[in-house]
Amino acid sequence: QARQILDLTPVKELVSLKWNMYGRPYFCFLALFYILYMVCFTMCCVYRPLKLRTDNKTSSRDNTIYVQKMLQESYITYEDELRLVGELITVIGAVVILILEIPDILRVGAAKYFGQTILGGPFHIIVITYACMILVTMVMRLTSTTGEVVPMSFALVLGWCNVMYFARGFQMLGPFTIMIQKMIFGDLMRFCWLMAVVILGFASAFYIIFQTENPENLGQFYNYPMSLFTTFELFLTIIDGPANYDVDLPFMYSVVYFAFAIIATLLMLNLLIAMMGDTHWRVAHERDELWRAQVVATTVMLERKLPRCLWPRSGICGREYGLGDRWYLRVQDRVDPNKHKMMRYTEAFKAQDRDNYDKGLEKLEINSNIPSKKNPSALSLSRNTSRTSSHRGWEILRRNT
């Protein structure tokens, strides 16, 4: 219900003035700066220090040809020093993100800070996790620990997904990010529990069926992790059902795959589509209102983060009109939701004026039979009574308006 305050004309004009004056330019500059920062981090990951593998392969399925360099070998050439500059920028950016986010968490509270869509809740989780992954990658690089590709890959995905946060600055893209948040953290989270149960059950069945078979003829289920991944791909219809027509497949594979296709493809995927369609219909009615609330939250965030010297004064200075050193807001339009109700009040007061006027005429006719020396006082009393009642009614109307 607090979002209804944004529909009031003075608040709406003030928000529009601040957003157009410095909110949108600052936010677009922040988005451009973040994209350049992510490009720098991506280039550092693409050209990370690698060297040829020296030890022999121990398995025919081993396909590794490059390994990670040690810390002493990582920064020797000019290209390495150039990459080091980009890595320092990346680490400094991650530290700045944590410094800016942690005070807001302590001020607002974790539940409200991460839970409300208007405040950008899921994006705060993404950007904080991204910063932590950057620091973990830095520690693994300094200690020459193998496996830095794991936090590095997570950081790349999270960092680029956080670019969607800056879509709230554009009216064309802002409402769609709200729908994406609602679908991911509403429908998709509930659906993933059902999907996990189905995948675990059928992946275990596929692994047991092919446990006695030669993995060279049908290697999609040669071990349990690979069975889980293959079943996940089958669930989303990314791949077709694996088959090798040169060898005899177990009979139970056809039975289990038939049941899996019915439950996963025909039932659960269509259920997910129906859930997302229902969420889209519900959110579409208030997406513009939510987007305006996001604009307000973004403007307040910029005012808190930016130095006070960068704030321009909002409104019109009163010195130009002889009103002193005060700033005013020009309200150009007013949409009164109770206009029809006020019109009924107006008609009622007009009817009351007509009744008072008719009563005054009746009193005038009655008093016409009284001697002439009493007529002026009676006429004056009748007019004052009508004028007082009418004046009182219009004063009530003005006060209510």
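Placed from the backbone N, Cα and C atoms, the Cβ positions cover glycine too.
The annotation transmembrane segment is assigned in TrEMBL to 24-47 (among others).
If you look up TrEMBL, you'll see 27-285 marked as domain 'Ion transport'.
Taken from TrEMBL, the feature transmembrane segment covers 84-103 (among others).
Beyond the ends of the transmembrane segment (123-142), by six or more residues, the same chain brings 41, 71, 74, 87, 90-91, 93-95, 97-98, 101, 105, 113-114, 148, 151-152, 154-155, 158-159, 161-162, 164-165 to within a C-beta distance below 8 angstroms of the stretch. The annotation transmembrane segment is assigned in TrEMBL to 123-142 (among others).
Same-chain neighbours of the transmembrane segment (149-168): 27, 30-31, 34-35, 38, 41-42, 45, 48, 68, 120, 123, 126-127, 129-130, 133-134, 136-137, 140, 174, 176-177, 180, 291, 294-295, 298, counting only residues six or more beyond its ends whose CB sits under 8 Å from a CB of the stretch. Taken from TrEMBL, the feature transmembrane segment applies to 149-168 (among others).
Residues or ranges marked as transmembrane segment in TrEMBL: 188-209 (among others). If one looks beyond the transmembrane segment (188-209) by at least 6 residues along the same chain, the residues whose Cβ comes under 8 Å of a Cβ in the stretch are 221, 223-224, 227-228, 230-232, 235, 250, 252-253, 256, 260, 263-264, 268, 271-272, 275.
Positions annotated as transmembrane segment by TrEMBL: 251-273 (among others).
Per TrEMBL, region 'Disordered' is recorded for 368-401.
For 377-388, the entry in TrEMBL reads compositional bias 'Low complexity'.
Annotation comment: TrEMBL describes 392-401 as compositional bias 'Basic and acidic residues'.
Beyond the transmembrane segment (84-103), the same-chain residues lying 6 or more positions past its ends with a Cβ under 8 Å from any Cβ of the stretch are 37, 40-41, 43-44, 75, 124, 127-128, 130-132, 134-135, 138, 305.
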